[in-house]
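Summarising the annotation, TrEMBL assigns transmembrane segment to A:6-27, A:39-59, A:65-85, A:92-114, A:145-171, A:201-220, A:235-261, A:282-300.
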Amino acid sequence: MFGSIFNADFIASSIRIAIPLALAGLGGVFSERSGVINIGLEGIMLTGAFTSIAVTNFIQNPWLGILAAIIIGIFLGLIHGITCITFKANQIVSGVAINLFASGITVFFSWLLFNETQIMAKISLPIWGLSIPNLGEGSSFLRSIIIIFAHHSPLVYLTIIIFILSHLIIFRTPFGLRLRSVGEYPQAADTMGVNVIKIRYIAVMTSGALAGLAGSFLSLEQAHFFVKEISGGRGFIALAAMIFGKWTPFGTAGAALLFGFGEALAIRLQSVTAVPVQFINMVPYLLAIFVLVSAIGRAIPPAADGIPYEKEVG
Amino acid sequence: MKAAKKIDYYSFLEKITPLIAVIFALLVGAIVIVIIGEDPIYVYKILFSNAISNRDGWGNVLFRATPLIFTGLAVAFAFRCGLFNIGGEGQVYIGAFLSTWVGFTFTSLPAFILIPLCILAAAAGGALWAAVPGILKAKKGVHEVIVTIMMNWIAASLTFFLVLKYKAPETETMIAAGVKQMIPHTKEIAQAARLPRLYDLFKSINIDFPSYNQVNVSFFIAIGVAILAYYILWKTNLGYEIRAVGYNPLAAEYGGISVAKNIVLAMVISGAFAGLVGTNEVMGFKYRWRQELFTGLGFNGIAVALLGKNHPLGVVLAAILFGILNYGGAIVNIFTEGRIPRELIMVLQAVIVIFVVISDEIVKRLIVKRRKLT
C-alpha cells in the first residue's frame, strides 16, 4: 500500500499543492515582518486566480495573465496599505473587507464577462524541464528524479528563485534590516532615519504581488479553471504556514511543503483508510495553534505586528 | 465656549460616520452600475422599494438580518473587551451543529423542554468554541485573531465529518434514481424543536402575512440578545469590568480587575451569541444542518458590528440594513435578468466597511486638530 502511495508522482503533486501556499505565506512574511497583518491574502489570491484566467482567455497569453494577477495583487495590497498604514484603520478589518470584496467582485465579473461562475483556462504555461522517460526505459531512479525535480510548470522554478531571493533580501540586505526593524521597533527605526511608512507600503504591496501570483498558479496551473471561491481557505493555510515557519522564508516554504504533503496524502487516502480526510485537513490549523502555544520552539511574531505606526510629535 | 461647541459638532460627525460611509458606498455602487450600462436610480429603486414597501419584503429583510444580529453582537461584545473575535464563522458552525444534534436526538421531549434545550445547545456550542482562543489569549498571550481564524477552519472540517456521520438517509426517490446527496446535510430535527414562523403568530391574531415568508421567532430572540448584551455591558459589574479591560487592560489590572478572567468570559459570551445563529437557520428555517446556510455570516458580523459602532442598537440597525441590501440585491438580480449580479451587494458591503474605518480616522484627525488649535 505505501509503495503505491509514496511514489515520485505523489511527491511532485505535494510540491504543486505547496506552491500557492508557499507564495502567499511568503507574502505574509514580508507584510508581517514590516508590522502589518494581512489576512486579506485569501481574497488577493482569489482575485489573482480570477484575473489570471480572465486575462489569459482574452489575450491568449498565460504569461500576461500571470502578470495581470500580480498587478491586481499589488493594487489590493496598496488598498490595504492606504486603509491601515495611512489611515491607521484596524488591519484585521481591512483584511476582512478585502476578502469580502474579492468574494463578491470575482463572481460579479465572471457573471458579467463569461456568464458563468466556472471558467476553463484556454491555455496554460508549457511544462519546463526534461521529459519523463517511459516506464522501463532507463533507470526508475532517474525517472523519479525527473518527475520530482525537473518536470514542472515554470512557476515552480520561479517560486524557488523567489524564495532564495527573499531570504537574501530579508536577512542579508540593508532593505531587509530596515524591514525587520520597522516590524520590531518602528520608533527606533524612525529615529535612525528609516522611512517607516514607505517600508511598510513596499512590504504590503510585495505581499499582494506574491498572493496574486499564488492565485494565478492555483487557477491557471493547478486547476486549469476558475470557480467561485477557488482559494477555499488556502490564504489562511498560508498564514498558518507563515506562523509555523516562524516568519522566515525557508521556514514558510518548509511548512507549505508539509501542508502540501498532507493535502496530497488526504486526497490519496480518501478511499484507502479509516482516518477521515477531514481530520487530515485540520492538521495545518492545529499545528499553527500548537506552535503559538507550545513552550519549546515557540513562534513569536514581530513585536510591532498589527500596530499602526504613530509618529510621535514632540 | 465656542470651541466646546465645535468639539460637539465633531463628536456628532463621529456618530454619523456610518451613514456617510453607506452613502459613499452606494455612490460607488452607482458608478459600477453605470459602467455596466444600467440606470442606478432604477436599480436602487427596485432594491429598496421591494425590501421595505410591504410586509413580505420586511419579513424577508428581518429573516436575513436575524443571523447578522447574532454574529454582529458577538463581534461587538468581544470588541468591548478589546478582543477581535473573527471566529464567528466557526462558532456558528459548532453552535448550530450542537443544536441540530440535540434536535434530532432527543425527539421524544415535548416542545417546551426541547426548544429551550436546543437554544441552549446553540449558545453552548458557540461558547465552547470561543473559549479556546479566550483561554489561550488569557493564559499564553496568543493573539486571538490567529487562533480564531484557525478554529474556523477546524470547525469547518469537524462539522463536515459530523455531517457525514449523521447524514440524512437518501430518500426513496433518490435511491430509485441512483443519486446521492449532492450537498451532505443532517437528519431533520424533531417537530417539537422547531420555532414557529411569524406567519403562525400573525395568523392567530388575524394579521395578513404571506405563509411562505421565512421570518421566524428567532428574530425576537435576536432582539432579546441585543437587549441582554446592552444590559450586561452597561448595567452589570461584569460589563463594567469587561469594558475597563477593553479600554485599558493595564489600568484595569491595577484597579483590581482580573484581565484574564474577563477575556475568557467576554469570548465565551461572544461565542454564545454567535452560536445562536442556529436558532434562525436551523430551528426556524431549514430544520437541518447544512454548511452553506452559515458561510459568510461570521465575517459579515464583523462588518455589521463596525457599522453599528459596536453598540447593540447600532448592530441591530446595521444588520437590518444588510438584510435590505441582501434581499434587495437578490430582487434586483431577478428584475434585471441577471445583468446586475447579486454579488454587487457583497462588493458594496466591503466598500461600506472600508469607508467606515477610513471616515472614523478622518473624523478623529479633525477632532485632534481642533483640540490643538484651541
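Here, residue 1 is simply the first one shown, and the rest follow in order.
The backbone N, Cα and C atoms fix where each Cβ goes, glycine too.
A:235-261 is the stretch from A:65-85, A:145-171, A:201-220, A:235-261 with the greatest number of Cβ pairs below 8 Å to the transmembrane segment (A:6-27). The stretches the transmembrane segment (A:39-59) and the transmembrane segment (A:235-261) meet in space: the count of Cβ pairs below 8 angstroms, excluding pairs fewer than 6 apart in sequence, reaches at least three. Fewer than three CB pairs closer than 8 A are found between the transmembrane segment (A:65-85) and the transmembrane segment (A:282-300), and contact between the two stretches is not assigned (pairs 6 or more residues apart). Comparing A:92-114, A:145-171, A:201-220 for CB pairs under 8 angstroms to the transmembrane segment (A:235-261), the maximum falls on A:145-171.
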